[in-house]
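Student: Pulled these from TrEMBL:
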type: COMPBIAS; residues: 1-10; note: compositional bias 'Basic and acidic residues'
type: DOMAIN; residues: 117-254; note: domain 'Peptidase S54 rhomboid'
type: REGION; residues: 1-23; note: region 'Disordered'
type: TRANSMEM; residues: 42-64; note: transmembrane segment
type: TRANSMEM; residues: 126-147; note: transmembrane segment
type: TRANSMEM; residues: 159-177; note: transmembrane segment
type: TRANSMEM; residues: 183-201; note: transmembrane segment
type: TRANSMEM; residues: 213-230; note: transmembrane segment
type: TRANSMEM; residues: 236-254; note: transmembrane segment
type: TRANSMEM; residues: 281-303; note: transmembrane segment
Amino acid sequence: MAGGDIENRGGPKRNSNSINDSSGGSYISSSTYMIDDTEPQWTSWLVPVFVVANVAVFVVVMYVNNCPKHKLVGKCVARFLCRFSFEPLRENPLFGPSSSTLKKLGALEWTKVVINHQGWRLITCIWLHAGVIHLLANMLSLIFIGIRLEQQFGFVRIGILYLVSGFGGSVLSSLLIRNNISVGASGALFGLLGAMLSELITNWTIYTNKASALLTLVVIIVINLAIGILPHVDNFTHIGGFLTGFLLGFILLPRPQLGWFEHRNIPVRTGLKSKYKPHQYVLWVASIVLLVVGLAVALVVLFREEDGNEYCTWCHYLSCVPTSRWDCNQNN
């Protein structure tokens with residue numbers, strides 16, 4: 001999922017009338033907002049580290065894969081790369097390793113997670129990618145979304161948001177898909193998208209151009225989720241990551257009321273008795289309850305070896321819609 005980011009030069013400004021948008025039918029980084037000049041701005045370093053880590057892991061995966069060792073050299077793609085050459089395109093059209101290598105190094109697979117008690121795969125799969133195309137699309141999206149969010153909210157909150165959203169996407173995928181493996185940072189990226197939406201909602205009063213910002217973000221979310229109904233795309237990871245990030249956004253990304261930073265440094269009362277507004281506290285509590293209960297129930301159902309499709313007989317349509325051109329049975 002590649003994307004672009006058109007944002008204001010010079011960072012956020014008080015009472016700005018422009019909005020941040022995205023191009024290419026993917027993600028936007030943030031809506032325009034009114035912000036206290038004294039609110040701290042962070043230097044983004046964690047997101048670049050995540051990008052480097054994902055690229056490094058892919059290099060290791062390709063080294064372990066070693067296509068010439070188990071395939072005739074003539075059948076490997078980009079033979080000049082030697083052991084880093086790619087699997088034949090008929091087996092992996094994304095220019096990457098074999099599925100057996102991905103399984104070996106931590107891909108998400110129901111049997112190994114539940115039957116073999118390898119729960120760590122719910123995390124390791126986030127750092128694996130099926131190929132160069134898959135990796136580039138996700139890393140470009142991470143750069144466009146993550147750097148701006150980290151600058152606004154700091155590395156701790158964005159790090160938690162990224163990792164927990166990825167975990168939530170893996171859990172939902174394991175509940176509803178048993179026969180395929182899943183890899184990629186898409187769940188974590190959709191978590192960032194979900195958090196952007198909830199951040200807009202919980203900080204609604206300090207935003208300008210509210211309607212256009214909300215409409216733009218919703219359209220982009222719908223487009224990306226719609227792409228997920230194509231075959232060979234694990235949309236359950238996207239949905240699980242999005243829902244997890246959406247709830248985490250209410251918990252981690254509320255902004256203080258306008259004037260709070262000045263108020264705390266001035267001894268004279270200015271009428272601000274609370275850092276956050278009442279609705280922000282309500283959303284914070286409700287989101288914590290829903291997130292904890294949701295993950296707990298999902299994990300219990302998963303490790304009891306129950307099939308999530310039995311509880312939701314229509315959910316498989318959220319990941320793949322069968323047509324005359326393709327069959328979805330292989331995706332479930």
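From the backbone N, Cα and C atoms, a Cβ is placed for every residue, glycine too.
These figures come from a predicted structure and were not determined experimentally.
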Student: Checking distant contacts: for the transmembrane segment (183-201), what same-chain residues at least six beyond its ends satisfy Cβ-Cβ under 8 A?
Tutor: 1, 27-31, 54, 102, 107-108, 125-130, 134, 138-139, 141-142, 145-146, 149, 158, 161-170, 173, 207, 210, 213-214, 217-218, 220-221, 224, 234, 237-250, 252-255, 283, 287
Student: Give the one range among 42-64, 126-147, 213-230, 281-303 whose Cβ atoms make the most pairs under 8 Å with those of the transmembrane segment (236-254).
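Tutor: Result: 281-303.
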Student: Which residues of the chain, 6 or more past the ends of the transmembrane segment (42-64), have a CB below 8 A from one of its CBs?
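Tutor: Contacts with the transmembrane segment (42-64): 83-84, 86, 96-97, 101-102, 104-105, 127-129, 132, 135, 138-139, 142-143, 146-147, 150-155, 158-159, 162, 185.
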Student: Please average pLDDT over the domain 'Peptidase S54 rhomboid' (117-254) for the predicted structure.
Tutor: 92
Student: Using DSSP, tally how many residues of the domain 'Peptidase S54 rhomboid' (117-254) sit in helix, strand and coil.
Tutor: 107 helix, 2 strand, 29 coil
